Each structure stands twice: as structure tokens, then as C-alpha cells.
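TrEMBL lists 1-33 with the feature signal peptide. What TrEMBL lists as domain 'Cytochrome c' is 35-127, 149-241. The transmembrane segment annotation in TrEMBL covers 253-274.
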Amino acid sequence: MRTRELGGRPRQERTLVPIIPLLALLAAPAALAQGTARQGAQLFTQRCATCHSMGEGDRIGPDLHGVLERRDEAWVTRFIKSPGALIDSGDPVATELLAKFNGVRMPDQALSDAERDSLYAFIRDCTQKGKGGCKPSPAEKMGTDATPEEVARGRRLFEGAESLKNGGAACIGCHDVRGLGVAGGGTLGPNLTFAFARMGEKGMRPALAKLEGPMMGPLYAKAPLDEEEQYAIKAYLADVSRDGSRPRGDRDFFYLGVVGMAAVLGFIGVMFSAPSTRGLS
Ligand code: HEC
Ligand code: HEC
């Protein structure tokens, strides 16, 4: 009994070892495909959604939900590259589409192969989810592409003139932004006039999706901004950071540095003091 038990263990370990990298290899393509579908969603919002919907009906151009099922992929690729060339070649489908969509010619789309693959991954993913399963997320849209209405809504939400859907506190309580009126905003948090210019679309999007930090974290953990609110506030911050003077040398930056440093130092202090006191007692 004993010897069998002892002999069994190493054998098991030996067989498990090569399985682990094998599993990682198997999982990798799935993760990769997901990543590209997400990139495709972003690309779609930025480059195609002005004219096309994904399951919400025709706009300036046809609804693209299921387009890779109703058309041959090679045809779609040729069409996207140059709709004009395909129309001019007398392709019957392209000609019919042009007539159906009031003679509006879709502009040529210069996409890399990788971008096209990610778009196709997104389109296939949406087709699988069924109609309406793939509404482009409003948070994906660039802050700088907003309409004046979206910017205005962002300001109302920031100021608390319109309440946040999940009951979160208005940002103005802790943040000032240039042009917010005579009283201005609170000073507990940094002035956000140039936050968008500094953080960029890439930094601002996740920051608004999850308002983190020692002050905001606890406050918004149970009352996050919904996607449309995230978008409107991002659009507002993009707008205020764009109009006006150059950010460099501005007092906002000095102020931000001091507050940021204090916050970081305070945080580090907490992190380091906690375990050491525990260790002593
Ligand atoms: C300015 C508007 C506009 C933009 C932007 C645009 N399209 Fe189009 N698209 C159209 C129109 C209009 C048609 C119909 C054919 C025509 O008239 O050229 C069309 C047709 C299509 C078709 C054929 C659909 C079918 O039912 O066979 C595909 C595929 C397509 N577009 C993909 C894209 C993709 C992908 C993007 C973004 C990378 C994009 N389009 C951006 C206007 C646009
Ligand atoms: C209770 C006060 C408080 C409220 C309310 C608050 N914030 Fe903050 N916020 C802070 C503080 C303090 C910081 C600095 C980092 C930290 O300590 O978390 C900060 C940092 C930020 C940053 C990063 C700025 C940078 O320069 O890095 C953004 C963006 C931001 N807040 C957006 C918002 C938005 C949008 C709202 C409203 C939905 C909001 N905040 C509400 C206190 C607040």
C-alpha cells in the first residue's frame, strides 16, 4: 500500500507539468480573439458607426449585423477597401446598394489587415449574440467627438445640476474646473481643467469607469457612473481642456503636483505603517 502511494505521486507530477503550458497555449487564442473583437468594437464606433448600426437598422448605410453571413467575406473585404472601385466595376450587389442608399457612396476605408480582422471578429461576435446584443458602448466613443449637447450634459452632471443615476456625489464637491461659475468647485481633489489633456483618452476612460483612490474609491464603489454619464463627463473634460491657454506652466499643474504628492505620500505612509505596527505588537 505504502509503496504504491509513494510511487504514484511523482508520476502524477510528471504528467501534470507538461499539461500546464499546453493549457496556456490552448487558452491563448480564445483570449486573443476576445481582445481583437474589443478592438474591433472600438474601431467600429470610431470609423463606421456614423453611417452604420450593428443591429439597430439602416442609417446612412445598411445595418451591418450579420453582414458576413449574408455576403461572401472576400466580397466584403473588396467592398470596404474601395466601394467606389467596386461600384464602378459594375458589381451588381454594389450597384444595387448604391441605388438603395440614395446614391451615397461609402468612402474608401484604409484599414490594415489586423484592423480588418478585429472588425470581422466584432461583427461575428455580434451576429452570434443576436440583434441588439452588440450596441456600441457609449464609453468607447472618443471624448473629443462629442456633440455640444453631450458636453453640456457632462457639465450638468459634473455640477450636480443633473443627478447621477446611481446616486453618486457630484464631482464639483471636490473638483474645480475653470469656468464653473463664481464660487467654483471644491478643492479636496485636484483641479480637473487640464486632466483630459494630461491623461488623454486612454487614461481618462478607465479613470471614469472606475473612480479610484482613497477618496473617490469608497464613495463611488457602490454608485459608479453609468456608461453614458462616463461619456458625457469625459466629453465635458475634453472640452474644457481644449479651449483656452496652454496647460504647461499653469498653476493648476503646480497645485495638482502638490496634492498628488501629498495623496501618494499619505497612502505610502499608511501602507508602510500598518504592517510594521502589527509586527511590533
Ligand atoms: C460616410 C458613411 C459611411 C461610413 C463612414 C462607412 N460606410 Fe459602409 N456603407 C455606407 C453606404 C452608404 C453603404 C451602401 C453602399 C453605398 O452606397 O456605397 C455602405 C455599405 C457597406 C457595406 C456593404 C453592406 C451590405 O449590406 O452588403 C459594408 C460591409 C460596409 N459598408 C462596411 C463599412 C465599414 C466596416 C465601415 C467602417 C470601417 C464603413 N462601412 C464606414 C456608408 C458608410
Ligand atoms: C470626495 C471628494 C471627491 C469627489 C466627490 C470626486 N473626486 Fe475625483 N478625486 C478626488 C481626489 C482627492 C483625487 C486625487 C486622487 C485621490 O486621492 O484619489 C481625485 C482624482 C480624480 C481624477 C484624476 C485626476 C488626475 O489628475 O489624476 C479624476 C479624473 C477625477 N478625480 C474625476 C472625478 C469625477 C468625474 C468625479 C465625479 C463623478 C469626481 N472625481 C468626484 C476627490 C474626489
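Note: Cβ is positioned from N, Cα and C throughout, glycine not excepted.
Assigned with DSSP, the residues of the domain 'Cytochrome c' (35-127) fall into helix, strand and coil as follows: 57 helix, 0 strand, 36 coil. Helix, strand and coil counts from DSSP across the domain 'Cytochrome c' (149-241) read 49 helix, 0 strand, 44 coil.
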